[in-house]
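Heads up: the structure comes next, in structure tokens.
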Amino acid sequence: MTLPAHSRRSFLETSLAAGTAAGLGLFSSPMSFGQEAPQVVGRLMAHTTVPMNAEPALKDLIESWMTPTDLFYIRSHAPVPKIDAKSFRLKVEGMVEQPLELSLEEIANLPQREVVATMTCAGNRRYEHSRVSPIKGVPWQEGAIGNAKWSGAILSSILKKAGVRPEASHVWFDGLDVVPHNESTIPFGASIPLRKAMDDTAEMPGSLLCTKMNGEALKPDHGWPLRTVVPGYIGARSVKWLGKITLSDRPSPNHYVATAYKVVEEGHDLEWDEEGPIYRYPINSVICNPSPGEALNAGKVTVAGYALPPGYPGVTIRAVQVSADGGKTWKRARVSSPVNQYCWVLWSTTIDVKSGTEEIIVRAIDSEGDRQPRRVDWNLKGYLFNAWHRVPVKV
Ligand SMILES: Nc1nc2c(c(=O)[nH]1)N[C@H]1C(S)=C(S)[C@@H](COP(=O)(O)O)O[C@H]1N2
Ligand SMILES: [Mo]
């Protein structure tokens, strides 16, 4: 997938000219986190701590295909809400035959599933994107992504229990968090097409109402006691601290669907109105080792990272290619992890670098033959940045 080609601004590819090597590394340069020094929180580096917005170091991130929960990025728009598990009820309302109020116990008694899926923030790699001109928003490097085992009830089974009326076509999710917005507060919300919610296959439900992450009760930062997980969609559609599901004939009017999370260029009112919400994430790949600006000896160098197929059903990563000569020649990397739909792969290879080698580049190709784009259009919010990933090195 490429971004809409409506840009009057420059195309964007990360390049040496656009930033100094020292400014690129997650840990090598505190300056890359803006004015404030990054704060270490457990195994994450926090951009902000209230609310928590934090990502892991890339070398830690690719240590395992399944991301340990303490290395999983956290993206929250407001502090973790206080929820009482005993009195908690998930509301299901709107265009349904029978509105529901379900306790955690009742949800646990519905058909359960366990799925492995990658979650990624639409703003992952925003930091690189912002080099063309500054972008507001968390300056994510390449760590706003993780792969976890999610377990819980299948969303469609709850919808069937409530009885979806024929005029419904979208499923809204509202969180229990309280996000400051225009001098007032709103819950974080999302919505997905009803068809996506009902698109269960033997391997993968269209959407999950998740109560466990990596085999343990969800951690508060990740949405305890209940969150949605929508495989293939940007993280923003997987609402944490889920309190209410509403069936409707239109997408949610919540700010995070109606206004935020759109690919717009200038952000005038008509452009926001015309542009639809982002749902799926695009193909991507990232070099996690070596680090930007790392000094390397001439000769063979190990290069490793992750690659993510686009969030289409059945699409996987076919190949990951690495170049040390500016893209003239490419070497195919070895994929060392399972290759599944909706999941990243981990890859590594060795490549020859010599005196004068300035950068190492990676790109990925999916099972449909679609390629990660060399460059993408700049957009106002810095979403879905997936140009070839370039890491400057010193040999
Ligand atoms: N209620 C609520 N749900 C939310 C958010 C939030 O701020 N509030 N952030 C969203 C965004 S933008 C992302 S990328 C993912 C991040 O999930 P994680 O913090 O478990 O990694 O949660 C999504 N769900
Ligand atoms: Mo996000």
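Residue numbers in this text run from 1 along the chain shown.
Glycine too: its Cβ is placed from the backbone N, Cα and C atoms.
In TrEMBL this protein carries:
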- 77-256: domain 'Oxidoreductase molybdopterin-binding' (DOMAIN)
- 278-394: domain 'Moybdenum cofactor oxidoreductase dimerisation' (DOMAIN)
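Here the domain 'Moybdenum cofactor oxidoreductase dimerisation' (278-394) has, by DSSP, the following mix of helix, strand and coil residues: 0 helix, 54 strand, 63 coil. When pLDDT is averaged over the domain 'Oxidoreductase molybdopterin-binding' (77-256), the result is 97.
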